[in-house]
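Novice: Attaching a single structure in structure tokens format; questions to follow.
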């Protein structure tokens with residue numbers, strides 16, 4: 001059994017739903033805490049002291065000295081019923097890459113596990129890295145609530161501290177991640193940029209009523225406006241060569257025999273540049289408002305988070321591509337690397353995804369490609385550290 | 001304060017959500033059990049022994065003798081965030097109508113509180129009356145589960161007994177209910193029929209995937225098929241003069257940044273006669289299947305419950321209309337009266353709903369119309385008992 005497979009199998013059962021085969025690893029909930037315990041054990045086994053940054057992020061440090069460190073790593077948390085690779089592959093690969101380096105590296109290397117990258121629990125993706133980078137107000141973050149009403153401060157056990165001097169000790173950050181869109185025809189590629197993307201909430205308000213007795217003409221049914229907007233968002237994204245998804249919806253009262261009072265839908269939109277993204281969201285909103293007038297409903301749009309276009313450090317990207325003789329590609333997915341790239345030179349390594357499926361139990365990479373990813377990361381860390 | 005307002009205000013706080021103002025009274029959950037306690041207290045105050053029928057239905061009996069009884073009453077349970085009147089008005093009015101009869105009525109009168117009329121907890125509307133009438137298998141009912149996995153047998157504390165001889169002791173059933181569709185221009189009307197209606201579940205299966213990285217052309221997004229079907233159901237119902245509602249949806253994984261794996265939607269459909277209802281559901285299903293082919297998804301239709309057309313006892317309806325000089329009207333809403341009408345002569349009294357809103361916190365009837373309803377029910381019980 002390869003060292004990758006051996007380590008991978010330790011994590012595999014943690015938080016896996018036996019019915020879907022997908023993962024339910026939410027920040028600071030038992031499954032994700034078990035992953036953190038595993039992280040601490042891996043660090044201990046390598047004599048790497050673990051630092052908690054006051055924002056829920058962990059970093060295991062290897063090598064002494066005061067010189068700037070090379071940081072690598074990723075996250076443990078998943079989307080609901082997500083795949084095994086998105087996040088954990090970057091952490092497992094980091095520890096194994098260290099094992100393949102000479103015992104005495106030239107400089108310090110840190111392995112990070114960032115908190116709440118998916119935003120599945122508190123609604124803000126890259127929560128941990130945003131706090132660390134100082135782009136999310138700690139007081140605002142502390143008050144975020146999950147679906148059961150628990151605040152982030154309660155989950156974390158404290159108000160997060162926000163920006164610390166940790167990043168000042170880092171010379172560069174390289175995140176290894178499974179690729180997510182059938183964009184690689186070789187085992188490993190180098191990430192060049194992240195499309196600008198964001199989440200918008202659309203509240204469709206109507207009039208709750210009885211499904212059996214209310215005449216169709218008397219209804220103000222917000223589900224109709226929602227449904228129209230779902231189709232409009234898809235069409236607008238296709239027309240523009242962008243991405244739009246409405247994969248989450250909450251309905252009140254969500255009863256079979258009641259016209260809803262409120263339908264709340266979320267729009268995930270991404271495009272190659274900021275202007276195109278803004279135009280896409282405006283087009284979807286305009287069509288929702290037009291339809292609402294027809295349905296007698298009301299629609300309000302709330303921007304929940306927007307991440308501008310990220311271009312990774314061109315010097316670092318070029319150096320990685322050269323070291324690995326690998327191709328360079330952008331991605332539509334947000335990552336902690338995208339947040340940190342504004343503060344330290346950052347790049348990503350992508351491991352091939354043969355089906356392009358991710359955020360799903362079917363998410364997959366071959367063991368051979370994962371091994372190639374570890375080798376690539378080891379070469380990169382060896383050069384940079 | 002009127003005796004109606006006094007009694008009504010006793011029930012009003014039980015199970016009311018302070019945010020929505022709507023009711024969360026689900027069968028055998030604390031709020032509905034509190035309503036049952038209130039029922040027993042009202043019966044005690046009137047020296048009416050209470051019978052529990054082994055199916056979760058309660059009947060308080062007034063008057064002795066072995067002769068057949070006139071049954072009245074309704075239900076306590078609500079849809080999620082439902083209104084105050086749907087159900088409880090019939091029970092409150094029943095006790096108050098008895099108070100307005102001579103102390104010594106000619107025959108026995110029963111006041112019933114039926115269990116799980118809305119189907120909000122276990123998914124089968126008119127569950128209690130269906131069990132009592134013997135049209136729902138007790139073993140099948142016992143195994144029904146609510147959203148948290150509790151079985152009906154656990155909630156009831158036993159396997160329901162199904163059909164008993166209770167109905168053999170009943171000469172007729174008159175249910176008073178708030179009207180639900182702006183169909184009355186006088187305080188009280190007499191119900192003549194219930195449209196055939198039912199619930200169908202539509203499972204839209206796609207491929208879970210990442211919202212940011214999956215090319216639009218590579219997606220198999222079941223939310224698109226669901227959205228199209230919502231709009232198609234509305235259009236088909238309008239074209240046919242029928243009712244169709246898709247007010248409930250469950251999504252897996254229901255995450256902002258994931259194309260769903262599964263979208264499960266429910267269709268509530270009603271039409272003036274059975275053939276038209278069947279044609280409506282078939283048309284919606286056909287359009288869903290067509291769209292699924294385009295989206296690369298799959299749709300399956302499951303009939304969850306269908307209630308045939310109910311024509312109430314024409315003799316009884318005519319007699320009530322004559323006693324009250326009231327108009328006669330059909331309804332699109334299911335009721336326990338619809339279930340029981342196959343076994344005992346049955347009719348309904350409707351109390352005017354000025355807005356037509358129901359299954360919503362805004363559901364309303366004026367105190368004056370509720371008083372008129374009590375008077376009407378008292379006259380009817382006095383004539384029939």
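Cβ coordinates come from backbone N, Cα and C, glycine included.
Predicted automatically and left uncurated, TrEMBL annotations should be read as such.
These came from TrEMBL, pasted as-is:
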| type | residues | note |
| --- | --- | --- |
| BINDING | A:75, A:86, A:177 | Zn(2+) 1 binding site |
| BINDING | A:86, A:118, A:359 | Zn(2+) 2 binding site |
| BINDING | A:199, A:257, A:270 | allantoate binding site |
Novice: Given the binding-site residues A:118, A:257, A:270, which one's Cα is the least distant from that of residue A:86 (Zn(2+) 1 binding site)?
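Specialist: Sorting the binding-site residues by distance from residue A:86 (Zn(2+) 1 binding site), the top entry is A:118.
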Novice: Closest of the binding-site residues to residue A:270 (allantoate binding site), Cα to Cα, picking from A:75, A:118, A:177?
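Specialist: Minimum Cα distance from residue A:270 (allantoate binding site) across A:75, A:118, A:177 lands on A:118.
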Novice: Could you round the CA separation between residue A:75 (Zn(2+) 1 binding site) and residue A:118 (Zn(2+) 2 binding site) to a whole angstrom and send it over?
Specialist: 9
Novice: DSSP three-state call for residue A:199 (allantoate binding site): helix, strand or coil?
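Specialist: Looking at the DSSP assignment, residue A:199 (allantoate binding site) belongs to a strand.
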Novice: From the binding-site residues A:177, A:199, A:257, pick the residue whose C-alpha lies nearest to the C-alpha of residue A:359 (Zn(2+) 2 binding site).
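Specialist: With Cα distances computed to residue A:359 (Zn(2+) 2 binding site), the winner among A:177, A:199, A:257 is A:177.
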Novice: Starting from each candidate's C-beta and looking 10 angstroms out, tell me which of the binding-site residues A:270, A:359 has the most other C-beta atoms.
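Specialist: Of the binding-site residues A:270, A:359, the most buried by Cβ count within 10 Å is A:359.
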Novice: At the level of the C-alpha atoms, what whole-angstrom distance separates residue A:199 (allantoate binding site) and residue A:118 (Zn(2+) 2 binding site)?
Specialist: 12
Novice: Whole-number answer please: how many Å between the C-alpha atoms of residue A:177 (Zn(2+) 1 binding site) and residue A:257 (allantoate binding site)?
Specialist: 45
Novice: Sorry to bug you, but what's the C-alpha spacing from residue A:118 (Zn(2+) 2 binding site) to residue A:257 (allantoate binding site), rounded to the closest Å?
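Specialist: One finds 34 Å between the Cα atoms of these residues.
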Novice: Given a separation of at least six residues and a C-beta threshold under 8 Å, show me what packs close to residue A:118 (Zn(2+) 2 binding site) in the same chain.
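Specialist: Same-chain residues close to residue A:118 (Zn(2+) 2 binding site) (Cβ under 8 Å, separated by 6 or more) are A:75, A:77, A:78, A:79, A:82, A:86, A:87, A:125.
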Novice: Excluding A:75, A:86, A:177, which residues of the same chain place their Cβ within 8 Å of the centroid of the Cβ atoms of the recorded Zn(2+) 1 site?
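Specialist: Those within range, site residues removed, are A:74, A:85, A:87, A:88, A:89, A:90, A:117, A:175, A:178, A:335.
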Novice: Would you mind ranking the binding-site residues A:75, A:86, A:199 by how many other Cβ atoms sit within 10 Å of each Cβ and giving me the lowest?
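Specialist: Result for the binding-site residues A:75, A:86, A:199: minimum number of other Cβ atoms within 10 Å at A:199.
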Novice: Relative to the Cβ position of residue A:177 (Zn(2+) 1 binding site), how many further Cβ atoms are located within 10 Å?
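Specialist: That number is 26.
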Novice: Just to be sure I understand the packing, how many Cβ atoms besides its own are within 10 Å of the Cβ of residue A:257 (allantoate binding site)?
Specialist: 26
